[in-house]
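Here is the structure we will look at, set down as structure tokens.
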Amino acid sequence: MSAIARAAARVRQQNTTPLQRPLLLQRKPVLTHTLPLHASPLKPSLATSITSPNFQQSFQRRWASASAKAEEGAKEEVWPQRKLPELTETDKLRLRRQRNVGISAHIDSGKTTLTERVLYYTGRIRDIHEVRGRDAVGAKMDSMELEREKGITIQSAATFADWVAPKPPTELKEGETVGNTDKQKFAINIIDTPGHVDFTIEVERALRVLDGAVLVLCAVSGVQSQTITVDRQMRRYNVPRLAFINKMDRAGSNPFRVIGQLRGKLKMNAAAVQVPIGSESDFAGVVDIVRMKAIYNEGVKGNQIVETDEIPESVRALAEEKRAELIEQLSEADETLCDLFLDEAPITPTDIAQALQRATTSLRFTPVFMGSAIKNTGVQPLLDGVCAYLPNPSEVQNQAMDATLPAHAPTIPLVPATDAPLVGLAFKLEEGRYGQLTYMRVYQGELKRGSMIYNARTGKRVKVPRLVRMHADEMEDVDAVVAGEICAMFGVECSSGDTFTDGSSTYTMTSMFVPEPVISLSIRPEGNETPNFSRALNRFQKEDPTFRVHVDSESQETIISGMGELHLDIYVERMKREYNVACVTGKPRVAFRETITEAAKFNYTHKKQSGGSGQFGRVIGSIEPMETDPDTGKDTAFENRIIGGNIPNQFIPAIQKGFQEALDRGLITGHPITGCKFVLDDGSAHAVDSNELAFRLAAIGAFREAFNKARPVVLEPVMTVEIVAPIEFQGNVIGAINQRKGTIVDTEVRDDEFTLTAEVALNDMFGYSSQLRGMTQGKGEFSMEYKNHQPVLPNIQKEMAEAFRKKQLSK
């Protein structure tokens, strides 16, 4: 490195903002939602123990939902001081060998195939079975019959396994080198998640409770639409991740192009920690460029790992080049390594490995592994990487809130100590053979079979009759589960996102983000309605927060809503298979919305006199556009600015209720209203005639009066569509997207195929699957995910408004 380059690097480091500096310099708590999407939220340095005196100054508010404004308010108020529990030596030893990991990716990247190999190499299953049930068995984690038929994961599945790996880099003692220590046994909880966007809630709730993740990418397709969604979800919950480039044996595989996409499309500081030996069909193994060793899988199923210092000459230059690149990229994320790099000091494999662990845990860096799960290559080194670089439960600072304090009160750090008061989060519900199965992450304390626990939301005290650890659809009964573990309970009635305690605290945890449905359709049984029809709908609603059911007030039809056509099709099929209820469905309906584009004032009086006590309520204020809150997902709000009491306090909730009722049905097309804030400034009441009904109706009338003055528009869901097809069909594919009024965002050509990314209204995408198959001779495929709601064209809005008006007049 030249003197000029060294000087420039030092200046760059000095001029870096706090959010860009390596983590060891950054000690302030950071709220995740204050960061832009492309910036990695921070976590505290591993140098800060969860039990150290400096912990309260350095902890990251991982699950805090309060805003930065709330922090300012907290300085002016005095909050109760709490003595944090302390980890015992037994706790520390147990937690150092614990990992909670999710496996996520775009559909068909090989997540379930990878998980199957992980289970085989860790000894959890005796043989390897393939996705789609080609061998009449199917992958272990795809336990549902529909999953094996369609070859996709529909529900997330949990399991646990033990893996023997070298000691993590941060635990190395004087004289020890990375990878050459006595091996330790690690306990790994694994959740395999769906890759299809329609089942995104499964990814959402898995990442909510995990400490780390493996982001799987296809060596050919690279970063795809759902990869971007999964990355966004990982950032939302501050989940450190490793990347695994799978399918290295496929024709056209190019791992370094994929790493370029990680940096470009995901704004991720990523670099390879391995390089491939051979390519495509000649892919034979990898070179670990941290330790500069060649690694091969031998044996029929890749059981035997062979490590050697003899790196093939064909890849030696590449390995040295990528090692230099790794050190340079990693130096931007870790100050210790940066100093060695700038001083041109010798950098050992241990220096690199320790920097990787610090930078990965702090969300500053993503190590990239590579292999081929289907060819049983590169999976064991990935498991070693999970144990070496991803955090254990004591290195992730989770937060709870005290339900007895205001929402802006400081959050309480949870310590994964066994003897601490119990705090756990129910993150997934499932109807099992023996009743409701509730998946739980224990954050603090110990959960015992037969113990009494409290639901923080309902206040109810319930008994835990049975406690199990899950292995896909199999269960292993246990007597107790301690902090840092994932388990399941039978016979406990609750909802997804509920917090459970032992009753000694009033703690509650924030739930997971639940996206709004984008598509609906009517549904009815083929014959007479049976109890099973309602039973199935109730169960599916309870299990899946993105699956909604309501009865249309006009047609009296039962309407189901979800994240896409496949999402709803799966539930219709499950009703037939699991409840013996064949259903007839109507044409899919798009989830249109209405909103306002500017603020409008109202001064509305509701007055009714018909003898005796009447109704009187006057409200003054405004409605204004509102952006979606990135933390809660809410895009409507009610704000009371009344000072003095012109409207008695007991009537304020009625006004808020009236506002919520008015949102249910828009005035242009009858669709729900979104993106709107109701501000109450003033009003008046009558000593006799004012009541809750009067103010509720006044709020509805005021909202409707102001809505028409606020330049309302109709919104429609717009999807990000990604199409992959042979290059000879590019013109036809682009023409079809233009025909559907789509906006082309990006095109990429590689070898003999191309990828097109476009934004198209969901209402214009019906029937596209058949059209694409026809125009590409069955060789094209596409995926789409919800992007946002955007205004429809003015002429479309006019047609929709006219149709709605005629429908109203015909009643």
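Quick reminder: no glycine exception, Cβ is built from N, Cα and C everywhere.
Look at Swiss-Prot and you will find 1-64 tagged as transit peptide. Per Swiss-Prot, the feature domain 'tr-type G' maps to 96-394. Residues or ranges marked as GTP binding site in Swiss-Prot (evidence: sequence analysis): 105-112, 192-196, 246-249.
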Those residues of the chain, 6+ apart, with a Cβ under 8 Å from that of Thr193 (GTP binding site): Gly102, Ile103, Ser104, Lys111, Thr153, Ser156, Glu202, Val203, Ala206
Packing count at Lys111 (GTP binding site) (other Cβ atoms within 10 Å of its Cβ): 28
Same-chain residues at least 6 apart in sequence whose Cβ lies under 8 Å from Met248 (GTP binding site): Ala219, Pro255, Pro276, Ser279, Phe283, Met370, Gly371, Ser372, Thr377, Gly378
Cβ neighbour count (within 10 Å, all chains shown) around Ala105 (GTP binding site): 27
In three-state DSSP terms, the structure that Ala105 (GTP binding site) belongs to: strand
Fewest other Cβ within 10 angstroms of its own Cβ, chosen from the binding-site residues Asp108, His196: Asp108
Structural state of Met248 (GTP binding site), classified by DSSP into three states: coil
